[in-house]
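Report on one structure; see the data block that follows.
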Amino acid sequence: MNKTSRTLLSLGLLSAAMFGVSQQANAHGYVESPASRAYQCKLQLNTQCGSVQYEPQSVEGLKGFPQAGPADGHIASADKSTFFELDQQTPTRWNKLNLKTGPNSFTWKLTARHSTTSWRYFITKPNWDASQPLTRASFDLTPFCQFNDGGAIPAAQVTHQCNIPADRSGSHVILAVWDIADTANAFYQAIDVNLSK
């Protein structure tokens with residue numbers, strides 16, 4: 001094989017590898033409505049957010065929550081150090097959206113579609129402490145809403161109808177999780193809400 005052929009072959013392999021990486025890297029999404037903590041950073045309703053304001057679709061970490069996945073204290077950032085600001089937790093740190101308990105729509109915007117295992121929604125316990133970092137102990141560990149996709153490729157916009165538990169009121173965090181079927185990862189979106197009946 002001559003030098004030109006080797007160079008062309010190397011460039012071809014490099015291009016294929018980069019295409020594969022870019023395809024995986026583009027498989028992202030965020031909760032558009034009610035706007036997640038990360039998306040509200042992009043909208044500048046949340047401030048001092050760091051780099052997540054430019055890429056709310058990239059809050060991605062290991063799947064398997066609550067048995068695996070992000071470490072306690074790093075759940076909102078999906079354990080991604082570049083988005084550490086999302087893990088800051090005080091009663092007044094994040095803009096809260098007013099929602100009512102009962103039926104609500106949750107809409108994901110996918111910047112690229114990806115084979116999906118499930119979509120799951122967790123909520124903080126009635127007695128959670130809003131002044132402490134989010135941990136598994138903060139949440140009911142059984143999702144209040146779940147949709148299984150069995151590996152299907154979703155549309156670019158996905159809306160789920162979910163019933164927020166009636167025994168919640170006031171400040172809460174809803175954790176929306178998009179579990180990817182063909183990678184070890186999931187996308188995590190914290191949604192800050194103020195609930196009433």
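The backbone N, Cα and C atoms fix where each Cβ goes, and this holds for glycine too.
The following features are taken from Swiss-Prot:
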BINDING   H28, H114  Cu(2+) binding site
DISULFID  C41-C49  disulfide bond
DISULFID  C145-C162  disulfide bond
DOMAIN    28-193  domain 'Chitin-binding type-4'
SIGNAL    1-27  signal peptide
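Everything Swiss-Prot records as a feature, shown here on the structure.
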| residue | record | DSSP (3 states) |
| --- | --- | --- |
| H28 | Cu(2+) binding site | coil |
| C41 | disulfide bond | helix |
| C49 | disulfide bond | coil |
| H114 | Cu(2+) binding site | coil |
| C145 | disulfide bond | strand |
| C162 | disulfide bond | strand |
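Counting in whole angstrom, C49 (disulfide bond) lies 19 from H28 (Cu(2+) binding site) by their C-alpha atoms. Using a 10 Å Cα-Cα cut-off around H28 (Cu(2+) binding site), the disulfide-bonded residues C41, C145, C162 reduce to an empty set.
Listed in sequence order, P103, N104, S105, F106, Y121, F144, C145 are the same-chain residues at least 6 apart in sequence whose CB falls under 8 Å from the CB of C162 (disulfide bond). H114 (Cu(2+) binding site) sits 24 Å from C41 (disulfide bond), counting Cα to Cα.
Taken together, the residues of the domain 'Chitin-binding type-4' (28-193) have an average pLDDT of 98. Just so you know, the Cβ of H114 (Cu(2+) binding site) picks up 20 other Cβ atoms within 10 Å once every protein chain is counted.
Sequence-distant neighbours of C41 (disulfide bond) (same chain, 6+ residues apart, CB-CB distance under 8 A): T47, C49, V52, Q53, P56, E85, L86. The Cβ neighbour count for C145 (disulfide bond), using a 10 Å radius and every protein chain shown, is 19.
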